Amino acid sequence: MTTVLQRRESASAWERFCSFITSTNNRLYIGWFGVLMIPTLLTAVTCFVIAFIGAPPVDIDGIREPVAGSLLYGNNIITGAVVPSSNAIGLHLYPIWEAASLDEWLYNGGPYQLIIFHYMIGCICYLGRQWEYSYRLGMRPWICVAYSAPLAATYSVFLIYPLGQGSFSDGMPLGISGTFNFMFVFQAEHNILMHPFHMFGVAGVLGGSLFAAMHGSLVSSTLVRETTEGESANYGYKFGQEEETYNIVAAHGYFGRLIFQYASFSNSRSLHFFLGAWPVVCIWLTAMGISTMAFNLNGFNFNHSIVDSQGNVVNTWADVLNRANLGFEVMHERNAHNFPLDLAAGESAPVALTAPVING
């Protein structure tokens, strides 16, 4: 008998790297999207932490009135934020090497652009990584589809809205109070509360919370008991078991009699599709609403829509909301604007009849 031994050629370093990156046996799946996701998110997080702690004030309105957002300049966790880049920069990309000095880059809010661009790249790579991991495991791709809803919302406030308004200074600040300030100003300028797509978003968030609470409570209340009365019902469950862990027939019967028959799902797949689709579709619509309002296609205006027989205005809640919008409008960027168009009451008057003579 003859035995032939053949030496196996060792894999190249590139092949070993590819095998490691695409392996589904790693504790954390990396994937090709992860190769780009990891450095971009690390860059965004590192710059955010440093800027939140110690960035100097930023001339956000471009009028030489810097706004402080970091902890070392007197803010706390609630009021602190990474202030958006200056209105003097507009939509220009502003990397460090475009500034004359590091101080100038910080003064004009360069860290904001660095953070949001790396963050948006990292987030969309995270979506791609979800699809890639599902593909390698033979799963369907709906996880990344669901994640696309918050991703669309992120892109709408950090990219689409500044593009529509003409400056990254209109982007959402990276902080708690900054987020609320962004919401108030958005309401004042676009009347988002009266936009149908925002109403869908409210229905998606609040309705999704309600549906999740209802589903979780029904499942927890109809667990199939495999233990004695003296033991927790949780001990009767084994990870990966083939049997149903709860009785969907009992849950369907309970909920159908609590409200009415057709308000309850009898099919588990239909139920879980609805639980996933409802908030996702509504957040998609919200992102679409912000993206359209970015180009000033604003919410409905029902101001002074009701008058009596004498022609006098009968105020409605739309008029109350409009007064609140005007209050927000005059409070923000107080020194950056003079007489906003929606507050101008009379005809415009010239402030100078002739050009001044400069002797110098």
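The count begins at 1 with the first shown residue.
Keep in mind that glycine also has a Cβ here, set from the backbone N, Cα and C atoms.
Of the listed candidates (His215, His304), Swiss-Prot assigns His215 to the same quinone site as Ser264, Phe265.
Per Swiss-Prot, the range carrying the annotation transmembrane segment out of 118-133, 342-357 is 118-133. Taking a C-beta cut-off of under 8 angstroms and a sequence separation of 6 or more, Tyr161 (site 'Tyrosine radical intermediate') has the following same-chain neighbours: Asp170, Gly171, Met172, Ile290, Ser291, Met293, Ala294. Between the alpha carbons (Cα) of His332 ([CaMn4O5] cluster binding site) and His190 (site 'Stabilizes free radical intermediate') lies a span of roughly 14 Å. Long-range contacts of the transmembrane segment (29-46) within its own chain (CB-CB distance under 8 A, at least 6 residues past either end) are made by residues 20-23, 114-116, 118-119, 121-122, 125-129, 132-133, 136. On the backbone, the CA of Phe265 (quinone binding site) and the CA of Glu189 ([CaMn4O5] cluster binding site) stand 42 Å apart. Cβ neighbour density within 10 Å is lowest for His272 among the recorded positions His190, His198, His215, His272.
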